[in-house]
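Colleague: Sharing a structure, written as structure tokens. Questions coming.
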Amino acid sequence: MGSMYRASKTLKSSRQAFSILFNSLKSTRQTPTCFGLYQAYGFSSDSRQSSKEPTIDLTKFPSEKIRNFSIIAHIDHGKSTLADRLMELTGTIKKGHGQPQYLDKLQVERERGITVKAQTATMFYENKVEDQEASGYLLNLIDTPGHVDFSYEVSRSLSACQGALLVVDAAQGVQAQTVANFYLAFEANLTIVPVINKIDQPTADPERVKAQLKSMFDLNTDDVLLVSAKTGLGLEHVLPAVIERIPPPPGISDSPLRMLLFDSFFNEYKGVICYVSVVDGMLSKGDKVSFAASGQSYEVLDVGIMHPELTSTGVLLTGQVGYIVTGMRTTKEARIGDTIYRTKTTVEPLPGFKPVRHMVFSGVYPADGSDFEALSHAIEKLTCNDASVSVAKETSTALGMGFRCGFLGLLHMDVFHQRLEQEYGTQVISTIPTVPYTFEYSDGSKLQVQNPAALPSNPKYRVTASWEPTVIATIILPSEYVGAVINLCSDRRGYASFDYEDAEYQASDLVKLDILLNGQAVDALATIVHKQKAYRVGKELVEKLKNYIERQMFEVMIQAAIGSKIIARDTISAMRKNVLAKCYGGDITRKKKLLEKQKEGKKRMKRVGSVDIPHEAFQQILKVS
Ligand SMILES: Nc1nc2c(ncn2[C@@H]2O[C@H](COP(=O)(O)OP(=O)(O)OP(=O)(O)O)[C@@H](O)[C@H]2O)c(=O)[nH]1
């Protein structure tokens with residue numbers, strides 16, 4: 001790679017423009033299986049049933065013997081592999097455990113080879129300093145996702161840490177998410193330990209990467225650790241550096257208990273499991289605790305650490321990170337960022353987390369309308385493990401009852417759908433993702449729209465102005481590609497796995513594009529587009545729909561319209577389809593089978609007016625750029 005070029009560019013970008021990236025990221029969907037939740041969330045079969053006495057004595061680890069750190073990096077720079085090696089080195093997992101990237105526990109993570117959930121592991125390590133006796137330390141490691149859509153996971157994880165290993169690929173050097181994650185850690189006042197990984201690669205150039213770290217982040221080149229998480233080279237220096245450079249957690253052990261609820265998940269047997277970091281004081285099993293935001297109180301039924309599976313310890317001390325089980329039944333009671341304290345004491349609540357700003361909204365509907373309740377339960381449980389999704393009920397004439405969900409980006413949205421399928425066996429139809437737009441009418445009123453269907457097609461007052469959100473995007477690339485990337489940016493109105501932050505709304509010429517079937521608008525297919533693109537998008541939508549809608553007993557007219565103006569149209573001619581035609585009136589079982597098959601087929605259809613639309617049509621429309 002040549003010299004680095006760093007461009008900050010305000011990209012007028014509705015996230016629709018990310019669809020190329022999104023499509024390339026869409027994994028091959030596999031037959032949904034209900035993934036073993038115990039495995040996914042680190043319950044060994046032991047910890048499910050046994051009330052074994054804790055064997056780990058955490059009282060041996062006062063704050064000065066604790067280090068809490070995250071591993072942060074750009075995608076694929078080797079965080080999870082490094083986490084594996086550190087866990088092996090400390091005996092937390094066995095060498096050759098047969099499952100690389102151990103902390104990537106979700107099926108979606110293993111299939112896509114990316115981390116989407118931050119995972120914590122507690123390790124015990126004997127640190128030997130020359131001429132001194134070895135001393136035992138408790139190290140909490142949090143492996144974090146690299147993709148920008150999951151940066152909320154990173155920022156929450158950092159709140160439970162005092163330091164971070166900033167991992168950089170020795171060949172690729174500093175990339176967009178290296179920069180973004182560095183600043184997240186820097187702003188959180190964490191001590192940063194730079195680690196150049198993959199030095200075993202033939203194209204590795206650690207000296208160049210060291211120079212980047214110095215020039216971009218002012219990190220001292222002498223402090224940079226050189227490792228290969230693959231071969232184990234240089235790894236022996238990592239944990240001593242963590243202990244030496246990262247400060248212990250600053251809490252006060254004889255102050256009243258204060259804990260931060262930084263993550264949670266739902267377990268069918270135990271209810272909600274809360275991941276906590278003990279800021280002050282200590283907690284024991286049987287204690288009564290209250291949650292500041294929800295106002296609820298509970299008895300602590302189990303308390304322990306992630307070692308790396310949930311392991312009861314009976315206590316958690318100041319500075320430690322672990323889990324608590326309280327018998328909490330509904331996921332709504334666990335509000336991420338909440339402060340937990342001992343009931344009947346008064347404490348200052350912790351600052352919690354910045355509210356999430358959702359970038360992309362889409363409707364999520366059960367593929368079979370009757371599964372609404374199942375979808376509702378699945379979403380409730382999944383959002384317990386992914387607090388960055390917003391959920392509100394909505395109804396569509398075409399798709400029935402469902403939810404409007406807000407996501408941090410298109411990859412996040414896609415992963416959420418995949419988790420619904422894989423972990424809860426729920427098949428969903430999602431509507432075209434949209435960013436939130438604002439419209440102003442001639443009477444001076446303004447409308448914020450997260451769902452294109454909610455925008456009147458023929459409003460009472462004329463639209464006088466419209467705005468779309470923008471981002472400040474940072475693209476890091478070798479200088480020889482600058483021209484090509486700038487062209488790509490202006491053409492796609494925003495593209496790449498770059499980093500971005502919210503900027504203000506900008507005026508933009510937006511219109512609502514309706515899709516009509518035999519004159520009736522399909523609310524689930526409505527979209528808001530730029531006026532100049534409306535004709536092309538309308539034509540594409542009509543063509544795609546034509547390919548997916550089968551011939552029916554009558555003619556079907558497909559139209560794209562802006563208000564009352566039709567901008568594209570096509571027709572599917574009528575066909576009489578009699579499934580029993582080939583039965584010659586004889587075999588009754590065969591007749592029944594065919595009718596059953598037809599009924600099944602109908603179930604996979606959504607009816608708009610008199611027209612049946614297959615589920616696939618809705619899924620495929622997502623792919624329109
Ligand atoms: N050659 C070489 N490959 C490595 C090394 N460390 C990791 N890898 C490979 O790099 C790829 C990505 O590694 P991961 O550990 O999944 O990277 P990650 O940073 O956790 O990825 P995300 O969580 O998706 O951001 C895998 O194929 C690893 O086997 C290394 O030291 N040398």
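Backbone N, Cα and C atoms are what each Cβ position is placed from, and that goes for glycine too.
Caution: TrEMBL annotation is automatic and unverified by curators.
Per TrEMBL, the feature GTP binding site maps to 73-80, 143-147, 197-200. Under the heading domain 'Tr-type G', TrEMBL lists 64-250.
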Colleague: Quick one: of the binding-site residues Ala73, Asp76, Thr144, Ile199, flag those whose CB is under 6 Å from ligand 1, and say none if nothing qualifies.
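Modeller: From Ala73, Asp76, Thr144, Ile199, counting a Cβ under 6 Å from ligand 1 as near, the near ones are Ala73, Asp76.
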Colleague: On the 0 to 100 scale, where does the mean pLDDT of the domain 'Tr-type G' (64-250) fall?
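Modeller: The predicted confidence over the domain 'Tr-type G' (64-250), as a mean pLDDT, is 89.
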Colleague: Which one is it: of the binding-site residues Lys79, His147, which Cβ has the fewest other Cβ atoms within 10 Å in this structure?
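Modeller: Comparing Cβ neighbours within 10 Å for the binding-site residues Lys79, His147, His147 has the fewest.
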Colleague: Counting across all protein chains present, how many other Cβ atoms fall within 10 Å of the Cβ of Ala73 (GTP binding site)?
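Modeller: That number is 29.
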Colleague: Enumerate same-chain residues with a sequence separation of six or more from Ile199 (GTP binding site) and a Cβ-Cβ distance below 8 A; give 'none' if the list is empty.
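Modeller: Same-chain residues close to Ile199 (GTP binding site) (Cβ under 8 Å, separated by 6 or more) are Ala170, Pro206, Leu226, Val227, Ser228, Leu233, Gly234.
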Colleague: May I ask which residues of the same chain, at least 6 positions away in sequence, place their Cβ under 8 angstroms from the Cβ of Thr144 (GTP binding site)?
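Modeller: In sequence order, the residues whose Cβ lies under 8 Å from that of Thr144 (GTP binding site) (at least 6 apart) are Ser70, Ile71, Ile72, Lys79, Thr115, Ala118, Phe150, Glu153, Val154, Ser157, Asn181.
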Colleague: In the three-state scheme derived from DSSP, which category covers Lys79 (GTP binding site)?
Modeller: helix
Colleague: As a test of the contact definition, list every same-chain residue at least 6 positions from Asp76 (GTP binding site) whose Cβ is closer than 8 Å to its Cβ.
Modeller: Gly113, Ile114, Gly146, Asp169
Colleague: So, three-state DSSP: helix, strand or coil for Thr144 (GTP binding site)?
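Modeller: Its secondary structure by DSSP: coil.
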